[in-house]
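Encoded as structure tokens, the structure appears first; notes follow it.
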Amino acid sequence: MTDSNQTKISEFLLLGFHNIQNLKIFLFLIFLLIYIGILTGNLLIVCLVTNHYHLRTPMYFFLSLLSSFEILSTTNIVPKMLSIIIREGDTISFAACMIQFYIFSASTNYECFLLTVMSYDRYLAICNPLRYIYIMDFQLQLNLAFWPWLLGCFITLIITGLVCRLQFCGPNIIDHFFCDLSPILELSCSDTSIVKVQAVLFSVPVILLPFIFIVVTYILISISIIRISSAVGRNKAFSTCSSHMVLVCTYYGTLISVYLFLSMNCSTNASKVISLLYIVVTPLLNPIIYTLRNQEVIAALRKNL
């Protein structure tokens, strides 16, 4: 199978999960239900923010963007994963594999930036409440939404372009349920050192610096909350950022676990389990956290019932 002068492979075989003959129907139904839950929960948040005037604030604007990209990232992977489970492995063309990798990586990058933007929004709301509405105007919201998205797409485009230039002479078997960078590079018969170095370098502005920024912002937020004299005021201030704190811990906890397991050269099965937590569990928790812990969202939801 020849594809171009740069690769002799036109498709990959995604193995998915091994030895699941007796569990494939069960796993298929479980992940299908989770996928439906992800779509329903995140679409619900987008619809509530769009249709309810009192939710048209910067915090909920960024939340609706996060939900939209959760839908995109899971739809990019889960339907193919369901096919892999039911067929006990499935093929994917080289082009489709690169597209899946690009959408997955770009969505991951943007969500890291978006969580950083959301922490900055909470910092302004709590540490500078009197000027918050003037600083976080609609123009700033659009800039904070657009430029991180453009940066995430650009960084991913560089990595994807480098991967596409590699030669793949065979074998073409990816022991995973989606096209991730590490298993793709293992199949290349070219020198992949440049790609690996670029991936590590880009992880600094995409993962490390946003994480440090979030930690610093929440330290400052915590100091401001402690200085509030009344217990009612402290509880109200804490409630406005608690959902985002839980989301950040969940998101970065799973993300760091994935890269930690990969750097430790752990088993492929362990990598798959951690990836599942990141790909399906976190997008499912996002709407649950913001609906169960947020009175404004619950009130908007009750108006629609």
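Using the three backbone atoms N, Cα and C, a Cβ is placed for every residue, glycine included.
Database features, via TrEMBL:
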type	residues	note
TRANSMEM	25-53	transmembrane segment
DOMAIN	41-290	domain 'G-protein coupled receptors family 1 profile'
TRANSMEM	59-78	transmembrane segment
TRANSMEM	146-168	transmembrane segment
TRANSMEM	200-226	transmembrane segment
TRANSMEM	238-261	transmembrane segment
TRANSMEM	273-292	transmembrane segment
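Under the criterion of 3 or more C-beta pairs below 8 Å, with sequence separation of 6 or more, the transmembrane segment (273-292) and the transmembrane segment (59-78) qualify as touching.
Long-range contacts of the transmembrane segment (200-226) within its own chain (CB-CB distance under 8 A, at least 6 residues past either end) are made by residues 109, 112-113, 115-116, 119-120, 122-123, 126-127, 152, 155, 158-159, 234, 237-238, 241, 245, 248, 252, 255, 259. Across the residues of the domain 'G-protein coupled receptors family 1 profile' (41-290), the predicted structure has a mean pLDDT of 87. Sequence-distant contacts of the transmembrane segment (59-78) (same chain, six or more residues past either end, CB-CB distance under 8 Å): 31, 34-35, 38-39, 41-43, 45-46, 49-50, 100, 103-104, 107-108, 110-111, 114-115, 117-118, 121-122, 125, 141, 144-145, 177-178, 240, 244, 279-280, 282-283, 286-287, 290, 296.
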